[in-house]
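K.L.:
OK, TrEMBL features for this one:
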- G120, R125, L176, Q177, Q192: S-adenosyl-L-methionine binding site (BINDING)
- 24-44: compositional bias 'Low complexity' (COMPBIAS)
- 288-304: compositional bias 'Basic residues' (COMPBIAS)
- 24-57: region 'Disordered' (REGION)
- 285-304: region 'Disordered' (REGION)
Amino acid sequence: MDSRGFDSAGRVFSSATEMWAEELGSSATASTTAEAASPATATEGSGGASEEGAGDGKRKEWYSKAIAYWQGVEASTEGVLGGYGCVNDVDVKGSDAFLRPLLADRFGTAKRHLVALDCGSGIGRVTKNFLLRHFNEVDLVEPVSHFLEAARESLTGYMDQGEDSHKAANFYCVPLQDFTPEEGKYDVIWIQWCIGQLPDDDFISFFNRAKVGLKPDGFFVLKENIARNGFVLDKEDNSVTRSDPYFRELFKRCGLYILSVKDQKELPEELFAVKMYALVTSQPKIQKSGKRRRPKNSPRMIRS
Ligand SMILES: C[S@@+](CC[C@H](N)C(=O)[O-])C[C@H]1O[C@@H](n2cnc3c(N)ncnc32)[C@H](O)[C@@H]1O
């Protein structure tokens, strides 16, 4: 990525490449296809897929600083939303409006057993308030153990229920850079407000591994803060807020296509804008008009 960006201390970088070289050293250019540990073997806050190469110390530092930051945060909605617990309701409303037509379009309206994965789930806020309304089973993956424990506690009522119910099933204490989902398990992989913790190469490796976890019509939803230009590096929690063109470039490099994209409305104006991207692994079908196929249940004008 060639656009300029800056960090929270006001330092300007001429490109993301320069910033990553600074933050990760020589491992910034390391292979993006390194082997990842399975959920069962990874440990809390472990250091990343490319850890064994040269310069891995800086990558390890990148991740451990982030984990240390989150370990010091209270396991509450206010905590995981950086003091903006007030956005929970509009966030849930926006996610619901985005996902509902996509589910109908991809999976039809007939009863189906739907399974989702909540990535960087924190205390299970997204799972509890939103995903469990749409999915029969939700797995959570989160590297910070006190968040995951809080999720487990608050979702107790949703566990071990009958076949047809909605339950939180598995809780994996693993960072995304080390996580590989079970093959063909998920209809939707939901990634919200956590992908900024991953440098570009681990972002690409993660999506490439996670593709395998999707069912044939399955898709990803990435819901993230968007920088106006280039990127913004937050030195406190070691996360990067990327611009829309930056994300689109990364999607291309992951071999992902945008099925749908929408802005989150009604956020306080001092916050970053937020976008929701639905991403698929093969090019969405285009109608003769050149438009993407419209979800069957979306509003349409009546023509007589
Ligand atoms: C802003 S909170 C969002 C939590 C949740 N997605 C939500 O919307 O309520 C960011 C979350 O990312 C998690 N996180 C930090 N580093 C991560 C990593 N490398 N992989 C996955 N999640 C990570 C944090 O522990 C925290 O739970």
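Each Cβ is built from the backbone N, Cα and C atoms, and glycine gets one as well.
Note that TrEMBL annotation is computational and uncurated.
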K.L.:
Of Q177, Q192, the binding-site residues given in the record, which has the fewest other CB atoms within 10 A of its CB?
P.N.:
Q192
K.L.:
Across the record's S-adenosyl-L-methionine-binding residues G120, R125, L176, Q177, Q192, the largest CA-CA distance in angstrom?
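P.N.:
Greatest Cα-Cα span of the listed binding residues: 21 Å.
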K.L.:
Tell me, by DSSP, whether Q192 (S-adenosyl-L-methionine binding site) is helix, strand or coil?
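P.N.:
Its secondary structure by DSSP: strand.
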K.L.:
Using DSSP and collapsing to three states, where does G120 (S-adenosyl-L-methionine binding site) fall: helix, strand or coil?
P.N.:
coil
